[in-house]
Structure formats: C-alpha cells, structure tokens
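Reviewing the structure listed below.
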Amino acid sequence: MAQLNGSNGTGLLYKPRQYQYEMFEASLKENIIVAMDTGTGKTQIALLRIAHQLEGGGPRKLTWFLTPTVALCLQQYEVIRSHLPAVRACTITGLDKVERWKSQYIWDELLKDKQVVVSTHAVLFEALTHGFVRISQLGLLIFDEAHHCMRRHPANMIMLDFYHPTLRKHGRDSVPCILGLTASPVVRSKSQEMKTLESNLDSICKTPQVHKQELTTYAHRPELLPIICKAIDEGPGGRALQALEHAWDTADIDGDPDAIPQNGSLLNGSGEYKALMVRKTLCNEQIKRFVDRSRHIFAELGEWAADYYICTSVEQLRTTIRDQSLTMDWEDEERAYLSNFLSKLPVAEVQANLADPNNFTMSPKLAALINFLDKFDDPEFSGLIFVKQRVTVSVLARLLSLHPQTRDRFRCAAYVGMSVGSCRQDMVGDWHNAKKQRGTMDDFRSGRKNLIVTTSVLEEGIDVTACRVVVCFDKPANLKSFIQRRGRARQQKSTYAIMFSTADEHGDLRRWQILEQAMVEAYQDEERRLREAEAQEAVDENVPEMITVEATGAVITPDSVVTHLYHFCAVLPEERYVDNRPEFSFEKDRQGLIKGTVILPSCVHPKVRRIQGKLWWKSERAAVKETAFQAYRALYEFGLLNDHLLPLTKNPEMRPTDHTTLPSLLDVSEQYDPWTDWANSWSCPDVHQMRIALESNGHPADGLIMKLIGPTNLPPLAPITLFWDRDTRLTLSFDVPERITTVTDNCIANMRTVTALYIQAPRSRNLLNNDDFVTLFGPDLPSTELADWLLRNAGYETAHEAYSRGTMPGAMGIIRDLSRYDEPFFCHRWIESETGLIEIECRPIPRRRNFLHPPALDNGQADAIVESEHGSAKVHMVAAESCTVDKLPVSTAIFGLFIPHIVDRLESTLIANRLCATILCDVGFADIQHVITAIMAPSAQGVTNYQRYEFLGDSILKYIVSCQLFFQNLNWPEGFLTEGRTTIVQNPRLTRAALDAGLDSFIITKALTPRRWIAPLISTRVGAAPVKRQMSAKVLADVIEALIGAAYLDGGHSKAQICTHCFLPEVNRQPLDIPSLITQTEHGRTARHIIDGDLQRHLGYTFKNEDLLIEALTHPSCQHDQTTQSYQRLEFLGDAILDMVIVPIIFQYSNKISPGDMTLIKHAVVNANLLGFFCMEFSIEQDKTKVEKTPDGRFAVKSETQHVELWRFMRFNSLDLQTSRDAALDRHRRLRNKILTSLYHGPSYPWQSLSQLYADKFFSDIVESVLGAIYVDSGGDLSACERFLEQIGLLSYVRRVLLDGINVTHPRNIAQRLSKGDALFNLRRVSDEKGRSMYRCTVTMNDAQIVLVEGCQCGEEAEVRAANETIEFLQRRQEVV
C-alpha cells in the first residue's frame, strides 16, 4: 500500500491551461464528465478539483480517486504525491490483499487521517458493499476512464447500488460530487451510450468550448495508415510445434498427478473421475493452454518465434524445478510431470537452429510490421505496438530485440500491466513478471526504451510519453480502443497504423476507411469553425470606456489599456518559476457572445487579482479590451496606480521630492563648537563647578581632587578611563555640578592663572600667550584661598635650593633641565658624588599623551602617584646646577596631562546635549552617552564610535519602515513595498535627511591630539566666522542609523520610532498599533482547516488567523487559489523581522566584537543557503497508519512515526520548481551530515558545503514568510518570532557562533588577506559538454593562473571553492618559504 503522509497543505506544481480552468470551473457548478483527447491534461483538472475540495472548508470528507487498473492506480497516486506533496494520500489495491481485510477497525484506522484515497473500482465497491466505507463519507468521487461506468462494471455498481439510492433518499448533500475523465465517452459507437453514461454517473459530458482553439494546439491528430499483409497460411508449424502437438495428442493420462489415487481410489462417477476422463486436470489444462499459445505465436509471428517460445518456456520450467527441488509438495509433482512431458520435445536441436542468424522464418504479418518499422530512423523515436494476447507481447518484444533490421534501431520492452489476477500463474509458457516490468514505463518516459509492445492495458489511463508511431498489430476491438490508441500518437506529424490482412481488406478495412473519412470531415468542420472564429475576431467592435484623471490629464482608453495592463504586470518583481503576464479566459452564453475574465499574478491583492468583464461581446478581442479596462480601472481605484495612471513602483508615494544625486564627498557645516557659546557666556557668567576625583586601579589618589569651572550650567559627565601604562588604569570621576553663588573678577582671574599653571606644568615650553580660557580648572579649595595657593605652588626654585632643604623626591615638583630647553622630568632620587657634585636621577614624563587607549607596548614608565618601579624605564642623570624644580608637586602637576581629555569629553557632551535640545528634542534621551557614541565618527579616534550603533540602527530602521509600509499599504504587492522601503532607507535618502535636519554640524570628526592640543580661548571663539568641512555622504547616513540604534538602546522601539521620525517625516512618530490593524483586515475564505495542528505546535506558535499561515506557504507560482495572495508580502516583512531578532543578539553579546565582525556574523547567519538548510531540516512528526499481514495470516493496523518537512507544505504550480526542489533535496541528502558536523562541531562556517547545497530561494523564503505571518498574527510580538527561530535551530547556531568564536570570514576575504590583495578572481558562466550552464572560476596572481575550478552549479560555489584552493596554495608557499 502506497502512502503519502503530510500536512493538509496543498499546491499544484503545474500551471493549468485555460481550457483546463474552463473544465475545472464547470466541475464546480455541476457533476461533469470531462471528454478530452489523450495527452491534453485531464488529470490536471482532477488535481485542481482535489485541491479545491481540500481547501473548500466544510465537513471533512474523503476524496476517492477510482481507476480501472492497478498500474493506473499507482500512477495516479504518484501524480498526486508529486503535485500535492503535503496531502495525506494512500492507495488501496489487490496488491495489499484488501479482499482479506474483514475488520471495520482496519478500515477506520487506515482512513482516519487520510484525505485522498486512490483505488480500483472493485476495491471501493467491495468496501461499500460490506459497509466498511459509506457513500456519505466521500466528498468527491473521481472516475478515471469514466467510460467503464456501464452495465455490471464495478464502477457502475458503485453508482447503482450506493450513489443513486442515497441521492433519492437523502438528497444531493448526502452524496459526493462526481468528476469523470475520459477520452472516449462512447465505446461501441452507439448514440445512446453517451446518454447512458451521463445517467449512470449523474453527470453531464463536457468538452472545452470557449478555449477550444487553445485545446487544439495541444491535441495533435496523427496520420492514419493501413499496413496490408498477406493472409495467414495455417501450416503444420515448425519442428518444435509439431512435436508439442504430437506429444499432446498421444499423452498418457496415467502419469498425471491427478490420476494417482489419494486417500483411496477415485470413485467411478465422482467429479474427479469425470474430470480425469475429459482431460480437465490441472496439468492437462496447463499443457493445452501452452499448445494453444504456441499455435497462436506461430500464426501471428511465424515458425522462428513459435520455436523460440516453446524452447524458452521449457527451459524456464526446468529452472523453476531446480530452484524448488527441496520442497517437493503437490505443486512440485505437477511441475515434474510437465517437465517429463516436455522432455520429449527436441529442444536442443531446435535451439541450435534458432542460433542461426539467417534462420528468421517470419509470418507475413511480422514481416510487414518489420518493413513498416524499417522506415523510421529517428533518434528521438518512440512507439507503441498493441497486440491482442499477453503471450505475444513478450515474444514479439524479444524478437524485435534480436532481428537484424530492428535490434540496433529500437530499444524494446514488453508491458502487460501490474495485475496478476486471482489465479496462480501458469507453470509453463507464462512469461509475465510484474517485478521486471515495474520500471518499464519510467524507462520509456526517460528514453532508455523507445518501443513498447503491449496489450490494451496501455490504451487508457497510464501516463505514456507522446509517441511518434502507434501500431495496432490486431484491429481495435471497438471505437473506444480505436480512439484511445490514436490518442497515444500525439507527437506532431505522428503516425497511427492498423494492420489488415488481404483476407479482410474489402471488409474491415472499408469500415476503418469510413471511420477515418468521418474523422477527416470532423477535422475539416473544426477547421471551418476556427476560420469562422478568426473572421469574427476581425470584426471591429467599439468599446466605449475611458479613464480620465483631471489632476494630471492622464487618459486611458480600451485601445491602449491592454498594453498598459501588460506593463503593470511586467514591472512587478520577477520571480523564478513565475509568469507575470495577465491571463485571459472567456465564457460564452447561449447566443455565442463572449465575456472575458483576467487573472493577474498572485502577488497582486486578491481583491483586484481576478476581474471579470461586465459586457458580452461578439469577439474575444473586444472582450479582452473591455476586461483589461475593468482590471486597470480596478487597479487605479485600489491605489496601485498613480495619477499618471502608471504603476506606483515607478513613482512610489514616499519618493522624496529632491532627486538630486549627491556626491560621495560633501561640503558640510563645520563641527558645532560649544565653546563659542561659552565664550559669550563669560561676559555675564552663571558660574558652575564640579569636583573631579582621580582613582588609580580603583583606589583614590591622595591629593588629586580638582574642580572644573564654567560660565554656565555644566552637564553631567560620565567617568573617564585613562590608561597610564599597561598596568595602571586611572579613572576621572565627576560629581554633580553646582552653582557658585558669588564669584569676583579677582577670583576668576586667579582661576585662569591656576588653569594656565596646570596646563603648562607637564610641558617643556610656554605655549600660552593668553589665559582667557573658556574652561577653568582649580584645586578643591574655596575661591577665596586661591591667591595663597598660587603663592605656594606657582613658580620654581633651583635644584640646589630644594636639595639643601632636604626635599624628598616624592614631594618635589617637575624637574626641568635648562640645558635641554626646560624638558620636564620626574625626580627619582638625589645622588651626591665623592667630589660633592649633586645630580638627580630622573625619568621622563611619558611622551604618549593620549591616555584614552591602552598603550600598544609596555613603555615601563612609572609615576609618583602609583609609585611603580620598572627596571626597564629610561633613566636620565641631570646635574643639579642646570635644573630647576617647580613648586607645584608632581602629584598635582600631572593633572595638566588630563585636562585635554576632560575638555574633549565636555565638548562632546555639550554637542550631544545641543543635538538633543534641538533636532532630537522629541526623543527624550535619558543617557547622553548613547548620543555621544552615535555622533562620534571613527575619524575622531574616540573611545567609542558610531559603527556598532549603526550596525544596530540599520536593522531597526529597516524594521520600522518595513512594518509601516506593510500595515499601512495592505493593497501593495511586495514589489511596491520593496521599492518603497529602498527609497526611504537607502543612503542617499538618509544623507539628504541629515543635511535637511542640520545633523552635519553635530557629527564629531575632529580627533583629540593632546600633544598639539590648545585650550579653547574666549578671544579665538568670539566673532569667529563659520567655515565648511568635507565629509563622506555615507557618514551622514550612518550617523542617522546610529542615532536610531542609540534611541532603541535608550528607550526601546518607541524612542527609535520617534528618532526616525525626526529625520524621516514620512515615518510615523509613534509605532503602529498592530493588533488593531489586524482586527481591521478581512479574513479570507481560504482553507484554514487544512493547516496541520502538529505543524503549528512545532512552529512554536498557534495561529489565530490561519489564513496567514496558508499565505506564508503559498509560492508566487500558485495560480489555482485566487483568494490567497502569495507569500511575497510576508517574506518582505519577515526579512526585516529576521534582522530585528538576530542583530540585537549579536550586538548585546559583547562590545569586544568589532563592527566588521558583527557584520560578518550577521551575513553568515541570515545567509539564504543556511536558512534554506534549516528549512529542509525542519520537520514535524506524524503518525502513519498502514495495514500489515501478521505471521498467523491475519491483518493488523500498524502505526509508525514519519517526518514531514516544512517545504512539503508549500503550495505551488510549477514543474520547473519541482525539478529544482528535488535536485536541491538530493544535494541536501548528500551534504547533510557534512553541514551538520560543521555547524555544531566545526571551528568554521561551512561556506563551501552550503554553496554546494545551493538551496533555491523559496526554501529561505518560507522561513521568512512564516516569520512574517507569526509577527502579524501575534500583533507584533517579536518574542513569538524568536521562538520560531529557536525551533528551526537558527538561534542556537547564532549563540554557538558567538560563544565559540566560529570563524565566519568568507574564504575569498581570507584569500585576499593572505595574498595581500594580489589574488584576482575571474568568475565566468560557461556551458559543459551537455550544454548545461555551469560556472568556472580562475584565480591569478602576478599574471599567472594559480587556481582553476570548473563544473560548479552556481557562482558562489565556484568562487568559494576557488578561494579555498587559493588559501591552500598560499599556505603551502609560506611553509616552503
């Protein structure tokens, strides 16, 4: 029993033709029998109907697909399995021993979770007869080869005994819908047959009418040819046949096993005795059938064929006896009797003659066939030969494989179907082997076989490749056979041949000639109707419609609207496997007038996707115009066209008015200088101060508490960390600012003097020409005590004076060597020589003045504060007589080294505060440090810069804009949304927004250079003329994204939204109320009931509106469901949500990860191939029920668990997509273990394996679309989205990348780094020897090729493989060097 357990999701992988849609829609209105030629796609109509039945809602009922044969049953099941991969379907046939299923429990368990059952008619009839299945359980009953529903056939008995009685008793709702499929509704050419068939099936027989012209393009009628052969001359036959007939005539019945007495002698007059007397025993019946078959082979094929058949059959029997010699049961005795009987035949002598290649004695009929086949020498040949008896099939196929005229031209095979009947196989002469022929039809479809000899089993139903030649070795039995066989020859310019003997040439041939003439007349009549239709199309009908837009004067008329409608569809995003052209279909009324319907691509909103014309027309041309006009007007009224009547995608609503292209380098405002305001404030100061404390490695430094004084309110300052050396970390902490109530001018003057003293103390030269500092510093003393403090600490003394007072080195001031231009030193100790010369052992003040960053190398310098001793420090010996000693102690003097850092921090804080008070006044930042970071350009070389925040803000901006566009433009297709988002978030738009807002003046680009630092002065700031600076356009865009990231960190999505609005007014100020927007949207009528509960549980989310999940699983190629939009909109939203979930995780992990590495990690974990891999891996567990035979001969229901992957739920209509999907799944099976090992145990990201996987985009699209669906249904709950990403395994891998430091650098980047940029990659698309597109990548260095990679399926694979080989090459070369 074949089974397909999946979800309830459906999707057709074939895009139906218009005439198939016509028949499908007719089947929705009433029960019909679809009558179309073989090969025109009747099964596709059934698939459409099945999909509609599953998605139609209402009570859950079974769809039962009935076929006349087991082979056809298995074939149709495979069609359903491939076209509707997620449907739960199964087959029930005689191969399952269904006749022995005698328990209701077995049937109930098997069918409880099934949606589609495929079986033969007899299976369903017996199940209904015994009450295991009730007609009321069925929702749709499909009769393949519906012409069988006549007389006492099981197909008709289903209708007679169950359907019609239930219909009469309980009404139409109690019986299933009926869909019949046939190529020949009339079997015996009787006019009454069609009416009888319609009555039996309670259906109307229909063929396409409106789209008949399209149907004719797919129904190629063959040329009908007779093959005339001489009449069969019944002769005595060959040596083997004559010997066989003689042995049969003279056989001694006493040796027959049935003649041997068992349990006593046979009683005279018993049944066994009578059978024995008339030679009706088993063995004699076997021999008789063998003789009859041999005689038939001789008559049909000739002496050679009959001898070959007899000899081969005898050898097969002997082989069977040898293989079963150990089990001598009654059947073996029968075989032994037959073998002994046949041993009288001269097999060895006949076989010797058969080996002679010149001894092909053929019948006239076979000779005529071979001569006919000899005319065909086409490498693309495919043909069928229909014969009457099964025995002829195998022998003729073998003969054609051996004959000199055919053996090298045709690849022959035999096919007689899968059914073995209820009787056991004959022991002699029956060559049928169901297992050997199981792959025959696949071989024929693939071209491995090109000529099949068969019986009537291939007349109908079974999918057979369109043939070049069809030969009837025997005349068709009836009109049905004639039509069915003719339908197999449906290649263009095909041939349909019927063999006749000269004996009946004037009888039967005339009958077929008359029939052919009738067919020709029908063809001619059809051609006449087509010419009449073409003439009707030439009639110019006036379509009086017009669309006018007064605001622009735009006008569209019916004469131009078709072109415009095609243009609208053409500018929609191109999608692989999808044809975006509009599809027109038609219907006719009783007067023959036509009304049109147009269906737009599935990415268009369902409300305007299917538009019907309003009027009836004489010609299709006029109907197309009027229908296209109605569609275009609907698009305009729906908001998908602008006032110029053009698609919004070429002129989005939110496109900025200024389209000027900005250069990459811009002249922008100079960096905002807060000291200008402070300089002006000193004219009327409101003096404030704050205390500054110094700590060293977490411990307070004695005596180092200073004050910062300003002319206005001071902003709170964050602590400053300074790196004195590798082992010493200093921290400057700032107290809360406070106002100084009374400050005299004299005090301010003293403060300026103190500030000058601090700044000058650690420097060698007096760099100060003025002391009108904007910022002032002083000791932690009342302002009234500054004068005394200056007396004690200002100035200097000679080194001898300090030495004579016994001043200890640690309490001394800065030592200045007068012989070296007052170079400052730290005093380490006094040294007095034997001659009385006083020297000072000194150590230099650190030359490194920027203490914001740790030193690259340990310079080993010590200072008096930390009292560190380093033997490696550079020591200077200075004579005391050439030195002076500053009065200001070293412990206080070094504060002058920190003033540039304090002023720089104060400046950046004032700039950030000014930005928050102006442009960002509505945001309300709580932590100004976020703003400082966001506006700090990398060129400023600060402790932080905007790059990390920009990484975060980029995803937040994308998320905010995507959500707004998605929810505020529910009518927009994905292409409009994507272009709208790109217009808003692209760098040129952000750059223009930054300039318009004046953000350029707040971006900090000046680097702090303490060695050349000059304190800001009042005199240089007041009246300074504004200047310009140059800045990269990208920096302006980056800072906006960084500020959005800063706002998010400061106050979540609400502040990020406000911040975005400050720069982009088209973005809402407040986040959308998603729950209220969801409740406003209409729930569709799509198949919510088909969504599997197991799937939702495994997704980690249960949908309130299951339509969203169905939409998320609907590929753009899915055309059969016109009420559900494709997943593209949800995929657009999910793409942004994926970033919004992943990026914060990466950002928050550690600030030690560089922005560049964060970007590499993000790109690696959201890589489409990785998402596609997780999609292939993600599956749910479902129970599968099947019936198995137990050892005691009973039947039992067995349940087992199987995995159903997420991709199976995707709904689509594309054969190409299925082919690509299956190829990708094959690659997945081949690469799966390698990829899993790399993901969960390897040190590096599996770039090469994932590129070889080459997962089609729709695999990753499903992940993103489901993510979008969860977000919408949950009302914008990102945590629900996180749970889904956790379920598929993505978040656990992200954590592993972060925790284990997985190397995610792309191999090409590594190769470029190792080669120092000298490796040049050249990627080309080429064709292989079979004409398939492949990729080749070469790598050259210094004009020499070092790597060549070929035969890759995609450019990514070629490039990655080439990069890895380049890395190996460079590493080997380095080892040699």
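Cβ atoms are placed via backbone N, Cα and C, with glycine included.
Per Swiss-Prot, the feature domain 'Helicase ATP-binding' maps to 23-203; the stated evidence is sequence analysis. Annotation source Swiss-Prot lists ATP binding site at Met36, Asp37, Thr38, Gly39, Thr40, Gly41, Lys42, Thr43, citing sequence analysis. Per Swiss-Prot, the feature motif 'DEAH box' maps to 144-147. Swiss-Prot lists 368-531 with the feature domain 'Helicase C-terminal'. Look at Swiss-Prot and you will find 914-1052 tagged as domain 'RNase III 1'. According to Swiss-Prot, the domain 'RNase III 2' annotation covers 1092-1275, on the basis of sequence analysis. For Glu1131, Asp1261, Glu1264, the entry in Swiss-Prot reads Mg(2+) binding site. According to Swiss-Prot, the feature site 'Important for activity' maps to Lys1257.
Taking the features listed in Swiss-Prot, we show where each one sits on the structure.
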residue : record                        : DSSP class
Met36   : ATP binding site              : coil
Gly41   : ATP binding site              : coil
Glu1131 : Mg(2+) binding site           : helix
Lys1257 : site 'Important for activity' : helix
Glu1264 : Mg(2+) binding site           : helix
Rounded Cα-Cα span from Lys1257 (site 'Important for activity') to Lys42 (ATP binding site), Å: 31
Sequence-distant neighbours of Lys1257 (site 'Important for activity') in its chain (C-beta under 8 A, six or more apart): Arg576, Ala1168, Gly1172
For Glu1131 (Mg(2+) binding site), the number of other Cβ atoms found within 10 Å of its own Cβ: 24
Spatial neighbour of Asp37 (ATP binding site) that is closest, considering only the binding-site residues Glu1131, Asp1261, Glu1264 and their CA atoms: Asp1261
Separation of alpha carbons, Glu1264 (Mg(2+) binding site) and Gly39 (ATP binding site) (Å): 39
Secondary structure composition of the motif 'DEAH box' (144-147) [DSSP: H/G/I, E/B, coil]: 2 helix, 1 strand, 1 coil
Spatial neighbour of Thr38 (ATP binding site) that is closest, considering only the binding-site residues Glu1131, Asp1261, Glu1264 and their CA atoms: Asp1261
By Cα-Cα distance, the member of binding-site residues Glu1131, Asp1261, Glu1264 nearest Gly41 (ATP binding site): Asp1261
Nearest of the binding-site residues (Glu1131, Asp1261, Glu1264) to Thr40 (ATP binding site), judged by Cα-Cα distance: Asp1261
Three-state composition of the domain 'RNase III 1' (914-1052), taking helix and strand from DSSP: 91 helix, 8 strand, 40 coil
PLDDT averaged over every residue in the motif 'DEAH box' (144-147): 88
Separation of alpha carbons, Thr43 (ATP binding site) and Asp1261 (Mg(2+) binding site) (Å): 30
Shell of the Mg(2+) site beyond Glu1131, Asp1261, Glu1264, same chain only (C-beta within 8 angstroms of their C-beta centre): Tyr1127, Gln1128, Leu1130, Phe1132, Gly1134, Asp1135, Ser1260, Ile1262, Val1263, Ser1265, Leu1267, Gly1268
Other CB atoms within 10 A, centred on Gly39 (ATP binding site): 20
Per-residue Cβ crowding (10 Å cut-off), top of binding-site residues Asp37, Asp1261, Glu1264: Asp1261
Met36 (ATP binding site) and Glu1131 (Mg(2+) binding site), distance between Cα atoms, whole Å: 40
Spatial separation of Glu1264 (Mg(2+) binding site) from Met36 (ATP binding site) - C-alpha basis, Å: 42
